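For reference, TrEMBL has these:
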TRANSMEM  A:28-49  transmembrane segment
TRANSMEM  A:55-73  transmembrane segment
TRANSMEM  A:85-104  transmembrane segment
TRANSMEM  A:124-141  transmembrane segment
TRANSMEM  A:150-168  transmembrane segment
TRANSMEM  A:188-206  transmembrane segment
TRANSMEM  A:227-245  transmembrane segment
TRANSMEM  A:251-267  transmembrane segment
TRANSMEM  A:272-290  transmembrane segment
TRANSMEM  A:350-371  transmembrane segment
TRANSMEM  A:392-419  transmembrane segment
TRANSMEM  A:425-444  transmembrane segment
Amino acid sequence: MAAISPLPNTTPTAIITVGQPSRRNTELILLAFAVVIPCFAYANVGLALDGRMPSGMLGYGIGLGLLAGVGHLAVRRYARYADPVLLPLATLLNGLGLVIIWRLDQSERFRALKTFAPAATHQLLFSALGIALFVAVLVLLKDHRILQRYTYISMALALVLLIAPMFFPPVNGARIWINLPGLGTIQPGEFAKIILAVFFAGYLMVKRDALALASRRFMGLYLPRGRDLGPILAVWAMSILILVFETDLGTSLLFFGMFVVMLYVATERTSWIVFGLLMSAVGAVGVASFESHVQARVTAWLDPFAGWGKSEASEQMAKVLMTFGSGGVSGSGWGQGNSDLIGFAANSDFILATVGEELGLAGTMAFLLLYGLIVERGVRTALAARDPFGKLLAVGLSGAFAIQVFVVAGGVMGLIPLTGMTMPFLAQGGSSVIANWALIAILIKISDTARRPAPVPVNNPDAEMTQVVRP
Amino acid sequence: MNKPVRRIAIFCGLLVLALMIRDNWLQFVQADELKNNKHNLRVTIARYSQPRGNIIVDGQAITGSEQVNGVTYKYKRSYKDGPMWAPVTGYSSQVYGSKYLEGVEDKILTGDDDRLFFNRTIDMITGKGKKGGDVITTLNAKAQEAAFKELGDKKGAVAAIDPRTGKILAMASTPSYDPSTIAGANDDAAWKKLNADKDQPILNRALRQTYPPGSTFKLVTASAALENGLYDSVDQSTNSPLPWNLPDTNNLPLNNEGSLPMCKNGSMREALRVSCNSVFGKISADLGNQKMMAEAEKFGFNQKDLTVPVGVAESVYPKDNRPQNAMDGIGQASNRATPLQMAMVAAAIANNGKLMQPYMVDKLRAPNLNVIDTTQPKVLNTPLTPEHAQQLQSAMETVVKDGTGTAAQIDGVRVGGKTGTAQNGVDNSGKPYAWFVSYAMTDKGSPVAVAVVIEGDKDTARDDVAGGKLAAPIARSVMEAVLKTSK
């Protein structure tokens, strides 16, 4: 962070900007690693399970290589100065996610089930769609500031996306899916995350002065005026409604957290954080007091083994924790664990447990660091961005990404109560992987604008004249 | 706006840090606990991913490992003559854990024992899978077969030991079950049925069930009388009145079974021969609770942690008031003994007063057939002097020659025994238990002592239940089997 000095936004023509290197070749080298590592992992699973190289090895390697190549070329052409680490990180996570999903497809225990359907091929297809959306965003979105124009349209769209699942039957206790006959199911919350970030950024851009300045000081905190509380109350109410009607604790927490983060950045007022924390605590405790679905999750979190044989949620949590524990420090190795014992949602919500068992503490730490790197590159983009809208959008998206990783990984590892969300890029699920590629595309676009050298000023002969002549 | 953004960066970093700390807690600090949690199926999966070691009797394996190649388990435990050996082997189930030898020697059988560490390491280096070791038992297949066959569809148990070493030769319990039927992953119906069965087929009655020992306990009372110098010999008159009244009661007599006039002033030999309650009740009362308890404890009573190496239920000679103590002295009231305990009583007498520690695991063998452990016979206690023991032997032989135990006679072999018919329940309301304890004597000492108990059912007439008729023939068959094989 300290390496980036805020670029001066005063008259650019008076400064000679040193052209930053585009770092596209760095990105290419990193991408090569991001493709080769999952290929090795894939080979490893095959060798462990059948003692020979998996037959789909070549196709998989070429497929992932192509996707990464297309992404890279698009960045090279349409976002030359973009951050060079984001694309390789996303590719690596996506590639490893595919390997884990394929590995779980090989499980004899799953194959014996009537409901079994291999998921890896679909996921590869969705990853391709994700890259396509990634390229489309890079090509179509000439400048991220254009998004500012669509502030209120975004709001309307986000609301529609959030409300829509209420009209569809719940799946496994949560109403977070839209069922399109013939096309499959969509999880609109994943897209709403990005669209809401656009709305929040646009809205806060306009209102931030009012929210920041019109306040009273009380006990060291700046208390906002009553009417300025409106927006945060509205978002809070929306989150609570999601929680109550869609019984989706994760999404609810994610949206509210994202809003608080952006509000804080926009106004620089710590009081919003305090308010946000208080409100989410009140909301969570309030809803948990009457929602049995949430209660079961909390009980399962407090003592998973106590509910063995009594509560499905507890038993599931206990199984996940035992999966992590069985991995130990170094893990059982690719393909040699028994994470399929978790059964339901082993390759989606609980996919991190497979990482935990087969790659051990070492591997899980590496995955967490990869996520941490994506988040910090996103926040760094926010720091480097020159326009407040870009800053807000970048910090909002990165913050949401961080919260999502925390809520999912923390839930799966028993740090917080479990919520039904997916690990970005890793977990099986089309909506998630597509939406997250779009998120990366927007961050890349903002970072491109931020790192793009300002136009080199035309040499002014008069200026040269005034140079100090050294003796 | 950069200041809050930097703070958000730190906040996000803290979120990731929290996850990493939690991960260390889970996968490092708690890892072993979670890995070996009783709900963790991986433990069982690992256990059945290779053939299990075998339990061996007379050089033949009575267990096996069947390759099933299921989704979860590669192997399944199988048993030869399952119902006959079930009290010995117990079971090793993919779902319900393991019991008896399968449970106690589990680490050897799975190959996890520390003593197999070297073998394991060699196998790992040479790329062979982990193998389990074998458990070689002291049991005698012929004796076990005789015991199990003779018990038939009666409910009861047989325990036979070699008095010279303490080796357990037979351990049968009926009704029994086939442990193969609950070894697999989908045997919950069989499991539920077995556990719901009122006759408790899974229970090893020889080790884990205690019964009132009835008149067979008079052997202990007689030992106490001799050891404490109450009488000098088994042939000395006991000066007992008939009827004899229980102490501290309003002249409540301790009755004999039937009319036994010879009990009046009879010697202990005579009192054992016809089983006089009055004589032994009086001896117990004369000695008092403390001396009786001390002698019983020398025979192994009141020992909570006896293992063979399977745990044995505690046989109890209780602390009681005077009338109760008199009843305890004839094996009634709160006196309780396992069949193994009564076999130990007969064995100690047959072994000239020296009680050997009973055991059923002779050797533990590594997968490469190297013996890694051998159990050495060990003296547990000396409840009798050799002289007193020989007197009792002679009295017990009288019981078999022309007393209540004639059904146990074997041609050309000295056999000593004692019958027992234990009353059960208030006012004899429950079904009675028929007992017989005995030993056979050769010129090389006594090779076998045996205790048999049969739980009579409601239809059995009381005199039919008398140990001499129901239990003695079983004891004779078991002794004959041992005598034949030890030649």
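Keep in mind that glycine also has a Cβ here, set from the backbone N, Cα and C atoms.
Unlike curated entries, TrEMBL annotations are predicted automatically.
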Contact between the transmembrane segment (A:28-49) and the transmembrane segment (A:188-206) (at least 3 Cβ pairs under 8 Å, separation 6+): no
Leading stretch by Cβ pairs under 8 Å, where the reference is the transmembrane segment (A:150-168) and the options are A:55-73, A:85-104, A:124-141, A:188-206, A:350-371: A:188-206
Intrachain residues whose Cβ lies under 8 Å of the transmembrane segment (A:55-73), provided they are six or more past its termini: 24, 27-28, 31, 34-35, 38-39, 42-43, 46, 87-88, 91, 95, 98, 102, 124, 127-128, 131, 134-135
Selected stretch (most C-beta pairs under 8 A with the transmembrane segment (A:85-104)) from A:124-141, A:251-267, A:392-419: A:124-141
